[in-house]
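Colleague: My questions all concern the structure below.
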Amino acid sequence: MALVVYLKTVTELRGKGDRIAKVTFRGLSFFSRVLENCEDEARFEQAFRWPIGSQVDGDEMLEIQVFNYSKVFTNRLIGTFRMVLQKVVEEGHLEVSDTLIDDNNSAIRTSISIEIKYQTMDGSMKVWSDGEFLDIPDDCDGTFQFETDSLLSGRSQSSVTSPGLCHLIQLKHHKILMQYQLCSLADDAAILDAEDLDRKTMRLGGGLDPDTISLASVTAVTTNVSNKRSKPDIKMEPSSGRLVDYQISVTVIEARQLVGLNMDPVVCVEIGEEKKYTSMKESTNCPYYNEYFVFDFHVPPDVMFDKILKISVIHSKNLLRSGTLVGTFKLDVGTVYSQPEHQFHHKWAMLSDPDDITAGCKGYVKCDIAVVGKGDNIKTPHKANETDENDIEGNLLLPEGVPSERQWARFYVKIYRAEGLPKMNTSIMANVKKAFIGENRDLVDPYVLVQFAGQKGKTSVQKSSYEPIWNEQVIFTEMFPPLCRRLKVQIRDSDKVNDVAIGTHFIDLRKIANDGDKGFLPTMGPAWVNMYGSTRNYTLMDEHQDLNEGLGEGVSFRARLLISITVEILDTSSAEIMSSTEVQIEPVSNMSESATGKMEEFFLFGSFLEATMIDRKIGDKAISFEVTIGNYGNQIDGVSKSASAKKKKEGGGESEEEETELIHNSSDEEAEDDGDLTSVPSTPPMKPVITDRNYFHLPYFEKKPCIYIKSWWQDQRRRLYNSNIMDKIADKLEEGLNDVQEIIKTEKAYPERRLRGVLEELSTSCSRFVTLANKDQNLSGRTKLDKERLKSCMRELESMAQQAKTIRSQVKRNTVRDKLKLVFNFLHRLRFLADEPQHSIPDVFIWMISNNKRIAYARIPSKDILYSIVDEEMGKDCGKVKAVFLRLPGKKGFGPAGWTVQAKLEMYLWLGLNKQRKDFLSGLPSGFEENKATKGIGIQAVPPISLVYNMKQVFQLRAHMYQARSLFAADSSGLSDPFARVFFSTHSQVTEVLSETLCPTWDQLLVFDNVELYGEAGELRDDPPIIVIELYDQDTVGKAEFIGRTFAKPLTKMVDEHYGPPRFPPQLEYYQIYRGNCAAGDLLAAFELLQIGPAGRAALPPIDGPTDSDRGPILPVPLGIRPVLSRYRIEVLFWGLRDLKRINLAQVDRPRVDIECAGKGVQSALIQNYKKNPNFSTLVKWFEVDLPENELLHPPLNIRVVDCRAFGRYTLVGSHAVTSLRKFIYSPPDKTANNWAHTARLANGYMALTNGTSHSRPHSRPISHPSGDIVVNMDPEPNVKKVDTVVKIDAVSRYNEDEKEKEKKKKKKKKGEEVDEEEPDESMLDWWSKYFASIETMMENLRAQEAALAEAEEREDLEIAAESVYNKELESEFGNFEDWLHTFNLFRGKAGDDIDHNVVDDDRIVGRFKGSLCMYKLPLSEEITREAGFDPNMGMFQSIPHNDPINVLIRIYIIRATDLHPADINGKADPYIVIRLGKSEIRDKENYISKQLNPVFGKSFNIEATFPMESMLTVAVYDWDLVGTDDLIGETKIDLENRYYSKHRATCGIASNYSVHGYNVWRDPQKPTQILAKLCKEAKLDGPHYGPGGKVKVANRIFLGPTEIEDESGLKKQTEEHLALMVLRHWEEIPRVGCKLIPEHVETRPLLNPDKPGIEQGRIEMWVDMFPMDVPAPGPAIDISPRKPKRYELRVIIWNTDEVILEDDDYFTGEKSSDIFVRGWLKGQQEDKQDTDVHYHSLTGEGNFNWRFVFPFDYLMAEEKIVISKKESMFSWDETEYKIPARLTLQVWDADHFSADDFLGAIELDLNKFPRGAKTAKQCSLNMVLKEHELPTISIFKQKRVKGWWPFVARDENDEFELTGKVEAELHLLTAEEAEKNPVGLGRNEPEPLEKPNRPDTSLMWFMNPLKSIRYFIWHNYRWMILKALALLLLLLLVGLFLYSIPGYLVKKLLGA
């Protein structure tokens, strides 16, 4: 059917301009073409056609608008023509001329003439009776128009939408409709030609168009078509709370600018409770650690992301003392996880002192932090160069968008009061207490605990109170913006034994703040937050206590808490500020009642229309349902008070007696009170009735029970409304995006149009939000957050509308995918914005209660059922029937137990203000009478307690169950025995059980007779209930096991409708099956619901299936519905079987492979002896099968391996299901295309994977020749100086700082260019020079690539020629080398239930089948079979090598490993390499590398192997242990066979140039010419033909290149090798057969450990060469052993010091002096510090030394590191090698005889770049340290000798640098050989002694005049001390004498002598 409008002319137009017309029918608009510069008449002469799926109704409208067109501004409307189509419908053809009307509906002069044709399908005009639509409700247009928006672009302007359209959309064919609307979306005048549309119309008429099958499994249900039902939620498991593995790795690289003098710093990394420490570095402010720590966790994601990661630096910690804290830095793990790649790489964490916030920065720690969850793969970012990294400010460890200068702020969390706390003691306890105390008090002592950024604050405990009032604030002091995202508020019950949580609430700071330029600081409230947790009946052992801690989804309301949050940025400079960050608690003033909003009375109504699928375990007891909102309706403590009796929000009231009063029959006077009604919160108990052997149902037939509850809440609906509008926009956007993905996935036409439509709609809905939200009522209780949030949401949505428009204009066919990603960001953003942080009305809980036990629940957010008069603001389920699935609470809800439905309810819910109550029944299915409670005063307003339906319709449901695919493996064999159970209303039926398959084709029709549905026919037609399909695995014993579930909506046919196209018969569709939250396969089925009229079943369409005698009474799917079949041939290449594991303890000996597809199949030859040769003797077999024409419906192909045992027994080994045969469909090569890039190069039906390299490189410019040859001219690379190879190696230093850019080979440098005299010559270059240079090139390429990508946004085709740099496995770069040989994993055993289905279950893999498939439609064209050399036995698999055993020499090169997981307690490992292949194993145990997580192995290993027996190479890294067995760190497996046979030639990488000697020697035994000749012969190509002048021709390509080579003696010879190599390096450009050949490379492979699946344990860099043994042997292996460090000697002469600060005071004279000496070291203070002698008593700070230090050291030039080997501790077994930066430290000290020496100052010189010394002491200043970056620097390795003055610096009290002295020193660097030739003595010793310094006399008095010097020193320094001592001595003598003589005198006196 179609409506065609022919737009002829528009006349009497005014003015002159461009005109365009827009023609709209059923909300779908076409634009005409633009007529340029037309004056009074516009001749459009254009036809528009609407393919329509339902008859046109007489009162539908056609609208034509004429515009003045403008390219820049919006088009200006001239006038509109509207016409009712009554006449057209009657006559079928009409010509019309009429005037247009303007905006005010008044006629204007301009007139239009059109012609309209209406073609119906069968030629007749009318099919349906007029009466059919009379009962359509008036609001049809409003509601439907809104719903169809998701299909049309923008909101439709037409005011009428036909019911027919409603039907069409409602048909699950809305996909079809979409197809056509898509084709014609108002696409800036995108006009389709009429024929095109005609074809589409034909297709629509024909019904079964292969393209219209949709895979959008759930859309059948989730596309919300009508206004009576809402979508069910298909995911059954709460997403949070499941335990997950996490690994957090932290590398502490170094620290800088630590504040303090001469400190010994240690870095502590702390996550949650775990702490790890680095080693201690002595006496340095910039320690270098490079230590790696790993923390493993197994916790739920929320818990993980809330853990605080703290990095602190501690000064001089040892065994006895804990050390002093220098500073800390903290962030939560979630912040790291939300970074790109889940990591921070080489960033500086800024330390601050938590005890003193005024102090500023305490230093920086450079670290890498990565958080890996299971299945995350971490990419290591490539780094900018060293100088960028040293720019600390630019690389702070902060997320994007956080300012580098963070300030301190106070976070005030005010806790006012709480309500509705549950009783925390059982009634027994209460009675005991009552007996003792004699009174009954509230038995809960609540307090609030607030946690933020690792700190906790508690309020006071309010004794015995269910409604505690705290009025306190908890104050946190933290940096702002904080790097901790969630604040946790928890109400706890204080108890003498242990405190328990009552409820927990998390506040996400990102939701209560906005960091934009118009943003606002975190603010919230004062607002109530609702807390949810376990059920309210208190038990001593609460099994759901976790829920109260905030883990998992709460199953009941617990309490609500009034809080507010404010943040104040501190001015740290002000004096009166508290400098500590301790948490403080302060009282705050009380909060008035009305501040949180006006109290309103809310009314909640619910009706239970159906309760089915009740688990049989609870089927024997009566069941009732309880609905609660907050505490209202709760039978335990939710007494509902009438509004006048108590204006409180909750129950929990005055007297115990009142509480126990039953809710159902509240006292009379309460009911009469101002006509108020009591609440009825639960349904009457009822016994379930049996449905089938698994489920029961409740007999709610015509009588549907209702509940209603009155409750009082603050009126904060506006919050929920705004959130609802955004949610609806997001839902619609998500649906649209799923459609677009679907179109892309099924490769249908025009995904870009659908995306444009989605964007158009997004921008209109966003603008609509701005208008709706703006009518902002000044409600009481609007908080600052409400206002700010509204502003920011409006801003965001406005900008989103703009961006959507912009993106819409950029959507092109080739940018759809990129733009889709962008639009997904909008979706996440909308979802984030829609989540309202300030709660108002609590969620509604529905509990199923059986035998007084709470069994299962559903939680419904109150916003979803909230009523509003504005459609967009209304909750999505308000006043609609929703299928609600009840599930088990808490931990029981996880795993298979929780996935079975406990009950399915069809529920109607309505929540709104009591005063809006009149509408609460309007959404129920019509046809009921209200049944009110008998008691009562006959007030109209009393809601019904049940509904009685007096209208019922009888239907027959036909479920066409065709097949399922990719099901879950439920049995130990790795297969399932699936059957499906279909539930509809109270009926259920099962399909037959098909044994041992994951892809059952039931092909079965299930007929449900006499299904009774209540309600009006019309509504049921548009909105039938949903069908639930559950799949089970049948087990011989025990009950069937649940596999998954899906929903569907049937297509409904009423009695008076015609059963025929376009709606019937229905089409098969894919429905996605869910198991918990994971997709677990697809079901292909169709469902139709046919009304049984008065004529009974006879009038239904006949079921005319062929009655198969063999299948008995089972009906097959009828012909019109099952797919159209064609004959296909499937060829199978059987290559071999690999790695088969034992089955039931027996080895597999004689396996065979069975291939089956759609009931047909083929068996491979039997492998006679699997051990001897696991390959098949017959390579290719084929079978023919009938498959659906539509590729999307192709059944899966099953591969099974069986073992043939004695006596004819067969055992299943394992199986594999190929779900999509698409990639194996053969399409013949296109002979006409000459351009190789566009030829589908299908070698044997396979695309030789070019992997995106098909664009020719930028430097190869093809030039066409007349002959059709194409010349590829390689510009010789610009001359690269030899020296670069080494110069660039400087940059490698950072590379080793753990740079994980494992990066690879450089195109080796050109030979024969001049060499700088300074630099090492050719002989100095080795393999490592090449390696480091490649890394350098790789970095440059990556940077270039990023820059180019930015430019290439528009130009899609830009391709960057990168080196062969693989920082991943080679396989991932070359499509697993499955260019013709595919590997299929064989599975056996039950599948694990893992959230990530993308993680392969390694334990289930029992082996691998190698082979391939090729399918094509019969008959095949002659051309192919006629080609020369076509072997009919091989079918499509021509030119496949033979699979006989072959001997190969394997050479494995292992370069190094990085970031190994520590295996020892000390956080290190002692790694060594183990290589396994088949039976042979190489254990390189004696060469283990001690205590290294980044070992450089530099080794090659040779193994001889025989393919196919030994083809899986394992390279493992083990940890050496002195005692016990060695532990596996990680291993990687490489399939060598696939590499060996691959067309990419992965045997030996092709070097970038050919040389016969030197470090870059050609290592393949075959020369390039031989390789090229062989490739050409195999591919039957013409060539190679070498011509004069450096040309070579292959096929029709000509390559140019050099022709000379230099041998070892330097002589030049002619050669063709360079030319051949040039072709090989560009082999992918050869037509038809070309593919990229593997270049010389290094690959980086992740190491995995089976114990920690999915988490990388480090990486290994390596490559593998393979050489067949039947050709000449290859040369010796390349030497890649690690470079040996070179021995150097650094001689430092300290000549003099000057201006050293003076420390000591003279005793007598008080003058200042210092006893100066200088200390120096290179490797570390412990190892080799050396001191000069002391220059005593310097009065000016001048010191003369002439003292020589000698530091021998080993140095790696390439990495700029000193290598030291030392034992880590006295207990270490062997020495550990460390690499440290080459830094010379000089310090100046003041010597003290009796106390510790005083540190005065220091300077650190990086020997690679340090400032040149000043010529004189005067010129030497502090700037040499402060402005080091700006000064020219030198390297001692280039200068060899340097002398000058350098400053000594230290930090003063204010952490500022100060100058504490100057030193004149001379540095002289010699190699070990030079040093041996002219040795020198230490200090001033022989040989080459230095002369004694000429010091002032005080320095040498000791020797000349000991007395004088004693006087000088002792008297000078200690004279007061000496005088005091003498005086004391005299005093003591006097006292002694006195005591001695007193007795004598006394005696004399007494005796009177």
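Backbone N, Cα and C define each Cβ position, glycine as well.
Found this in TrEMBL, in case it helps:
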| type | residues | note |
| --- | --- | --- |
| DOMAIN | 1-98 | domain 'C2' |
| DOMAIN | 228-349 | domain 'C2' |
| DOMAIN | 392-523 | domain 'C2' |
| DOMAIN | 939-1064 | domain 'C2' |
| DOMAIN | 1111-1237 | domain 'C2' |
| DOMAIN | 1431-1549 | domain 'C2' |
| DOMAIN | 1672-1821 | domain 'C2' |
| REGION | 640-686 | region 'Disordered' |
| REGION | 1249-1277 | region 'Disordered' |
| REGION | 1295-1320 | region 'Disordered' |
| TRANSMEM | 1918-1940 | transmembrane segment |
Colleague: Please check if the domain 'C2' (1431-1549) comes into contact with the domain 'C2' (392-523), where contact means 3 or more CB pairs closer than 8 Å and the residues in each pair are separated by 6 or more positions.
Modeller: no
Colleague: Look over the recorded stretches 228-349, 392-523, 1672-1821 and say which has the most C-beta pairs under 8 A to the domain 'C2' (939-1064).
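Modeller: The stretch I would name here is 228-349.
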Colleague: How does the domain 'C2' (228-349) divide up by DSSP, counting helix, then strand, then coil residues?
Modeller: 14 helix, 62 strand, 46 coil
Colleague: Using DSSP, tally how many residues of the domain 'C2' (1431-1549) sit in helix, strand and coil.
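Modeller: So the domain 'C2' (1431-1549) is made up of 12 helix, 53 strand, 54 coil.
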Colleague: Please list the DSSP helix, strand and coil residue counts for the domain 'C2' (939-1064).
Modeller: 6 helix, 63 strand, 57 coil
Colleague: Where does the mean pLDDT land for the domain 'C2' (1431-1549)?
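Modeller: Averaging the confidence scores along the domain 'C2' (1431-1549) gives 88.
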Colleague: If you run through the domain 'C2' (392-523) with DSSP, how many residues end up as helix, strand and coil?
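Modeller: The breakdown for the domain 'C2' (392-523) reads 17 helix, 56 strand, 59 coil.
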